[in-house]
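Listed features, source TrEMBL:
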type	residues	note
BINDING	A:Lys623	ATP binding site
DOMAIN	A:220-366	domain 'Leucyl-tRNA synthetase editing'
MOTIF	A:41-51	motif ''HIGH' region'
MOTIF	A:620-624	motif ''KMSKS' region'
Amino acid sequence: MSRYDPASIEPKWQAAWEEAGTFVASREGDKPKYYVLEMFPYPSGRIHIGHVRNYTMGDVIARYKLSTGHNVLHPMGFDAFGMPAENAAMKSGGHPKTWTYDNIDTMVGQMKPLGFGLDWTRMFATCDPEYYGQQQALFLDFLEKGLVYRKNAVVNWDPVDMTVLANEQVIDGKGWRSGAEVERRELTQWFFKISDYSEELLEALDTLDNWPAKVRLMQENWIGKSRGLEFGFERTDGEAPITVYTTRPDTLMGASFVGISPDHAISKELEAQNPEVAAQLAEMRKGGTTAEALEKAEKLGIDTGIRVKHPLDPNWELPVWIANFILMDYGTGAIFACPAHDPRDYEFATKYELPIIPVFGEDDITEAFVPPKTDKVTYLRGFAGATEQTGDAAVDAAIDLAEKDGWGNGVTKFRLRDWGLSRQRYWGCPIPVVHCDSCGVVPEKKENLPIELPFDNGNEEIDFSIPGNPLDRHPTWRDVACPKCGAPAKRETDTMDTFVDSSWYYARFTAPRAQTPTDLAEAEYWMNVDQYIGGIEHAILHLLYSRFFARAMNITGHLPDKSREPFNALFTQGMVTHAIYQTTGEDGRPVYHFPEDVELRDGKGFLKDGTEVKIIPSAKMSKSKNNVVDPVEIIKAYGADTARWFVLSDSPPERDVEWTASGAEAANKHLSRVFRICAEIAEGDVAPTKEDEALLRETHKAIHDVTMGVESFGFNASIAKLYGFTNALHKSRAGSEVKRFAAKTLAQLMSPMTPHLSEELWQLLGGEGLIANAPWPVADESLLVEDTVTLPIQINGKRRGEMQVARDLAKEEVEKLALAHEAVVKALDGGQPKKLIVVPGRIVNVVV
RNA sequence: GCCCGCGUGGUGGAAUGGUAGACACAGGAGACUUAAAAUCUCCAGGCUUAAUAGGCCGUGCCGGUUCGAGUCCGGCCGCGGGUACCA
């Protein structure tokens, strides 16, 4: 009997699938279609174990759907633009393009041996001119429909390198290379009008039944619809009033001061007039642009000297402060502060000794009191509605009053901001417009697309060793004739955010070689994505941007109406995490070490030279943190099926798993065992026995349970059942015919997870054709029900015994049997039960 | 800071509000073997007990709802993800 030898069987079956075109998506026949998509990878250089887990899950679905009679589309590509390629070029020379395509080659080379049922004929990378040229066409169509515009926005500015930094490149408020303190600076940039769709994107969340509730909740909070009051504070100096927006108008009697953003028009006016204010504002603008940095920054304020009148009491004057925690992007960039009921206002008021006046609750407070708006509270200084009411009711009453008295308006606002897509970087999709002195911003002509990135600068490769955007200092690329008037003009040198690339790739996969962004007939057939699979880290940005893009593509005629929500079902798989090993470099910034360089002793980690490293447990695998685990060694040692089986077993797919190297060997042992058991059965010649029926029942139970697991993303549960079924098959003394049926079924049930082994077993057991094409087994319902069940007996909720009863035994009979049970008799001690609960087929609980 | 999750044996984890720990890993005992590997059989939450039976404790911590809570509710603690230029 031959042994399980993945090294020989895996390439054999991969070749067989390729030759048969098993996974090439086809529209043939009148089969239903199924589109399964995993979030495509960034070509970082090597695939890691998280990719294997992600793509194996998608492959299980794809192969399962193929065997249940679907035309399956299961494509793969690369999200290939982005900073790491430029960083690599900066660090070790070379060109982002060669770096990226080399990485893609490597990764495809690593993925193919895993035997994924992918349609490789559709593969593309977003950095292919063929792809990004169509993206430029989309941009031009969006521009024409008013879905793109320009405005000022704040970026991280490194004053030493004279360059824009990504948030990731700002570490503790300092530039990652220069170490200089970062400033916030305004630039004119391109924006998608996603905010026009705030309401629709919010409401449509309700239709996404097959999305995780937590993702919908996160998007709901991100879109952040709020109802509040907008009103003007009259200035005592007679200048134009300051308009504020507040979601808590009920706390107006607790007003302490009016706060304006450092980027507010009044702040800028004062900055121009007053050098002292200018200096203080410069201080406020230090640090990064992230919400976290802004929120956590020490509260800073400047008293403008301006005074305003309280809308409810003309004799009450409030000071106007510039405050660094107020965002210009949200509301009107100005607020009234109520320190008693807002933690940030409280911190600010305490620091600058401004009044703190409670509006509801206790009159004597030591921290901001912020109960949920649905809670009823007692108003000490209410001015609208009842004395005792919920925050929501009080807000409504305050808005009504303001509108009735004519000093304010109830308005609905969204937190969602327009999507800034401009990036001052080389390795991205060029924005296809030209800046002309006389014509202004001129769209490039479609026939000139793609506007390709220049590979070199004249005769030499583009230089990435100097900070800044090489496109900006590339005259032959940058200087062009205006497409409209022909006069000398300059190409836009900003490129697009890489989120643009990933916002429509799912649509492109339906017709990856089309001469237009999509082919409507193909999109009509294959869209929507029936099952999208990816990491929870994309819950907000990528998924929201994609939802917006699908709408924009529908409006511009590139997608059918049904695709305005492009992903019918979403599954967010957990991440594969791994500890980060960190020390601190001479410059005070963190240095990350590879796991193989760290020795673990008593839960502490040490470098070879004995330096202790800080261990940050369970962190997302990230190339920049050097904690990525490479699956190649496992594949080499045990084969692809073992790797696939292993990443699916044990952990529920939605949960994070901490990577450990043990266990792979065990998975391999199990597959060898399955091979051995099946090979023996293939050769067996035993007449039917009285155990046949029992094995038949086990087989049908396995079909049922494994199928349920696959359908519900419970792959770990499916695998647990498969272990159980394998053990049952191994122990069974049934005849050869039933055993062969059971073994063939086992091979089929395993085939989405371990396709190569299953093909081999299928062949060995005399199955017809490829197992990949064999119809999925169907469980015989009549063989699933057991005649008798074990009923646990509880006394006061604690298990005290059990009894065997017929499955459909009447409730009264069960009660009678339970009361006669030894443990119950003892507990009752002659008395009557207080209560008797019988859950048929489940449990009996006696309360004494 | 804010939003969203997660927390169960030595380990990964199972459990429509109904027998907590399925299925595995690591471990232990035995069979086979000259021996080892491989394979096969069995044991296994903690405490109590010579052992078994029995009992008690036990799903991060504190409290609540319920006949019954890992599961639902409230409050903490810890860890992770996102936080709009990492992808």
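A Cβ is built for glycine as well, from the same backbone N, Cα and C atoms used for every other residue.
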Spatial neighbours of the motif ''HIGH' region' (A:41-51) not adjacent in sequence (6+ beyond its ends, CB under 8 Å) are 78-80, 82, 84, 100, 103-104, 106-107, 110-111, 125, 535, 575-576, 621, 623, 628-632, 647, 659
Averaging the pLDDT values of the motif ''KMSKS' region' (A:620-624) gives 70
DSSP composition of the domain 'Leucyl-tRNA synthetase editing' (A:220-366), residue counts helix/strand/coil, works out to 47 helix, 47 strand, 53 coil
What DSSP reports for the motif ''HIGH' region' (A:41-51) is 3 helix, 0 strand, 8 coil
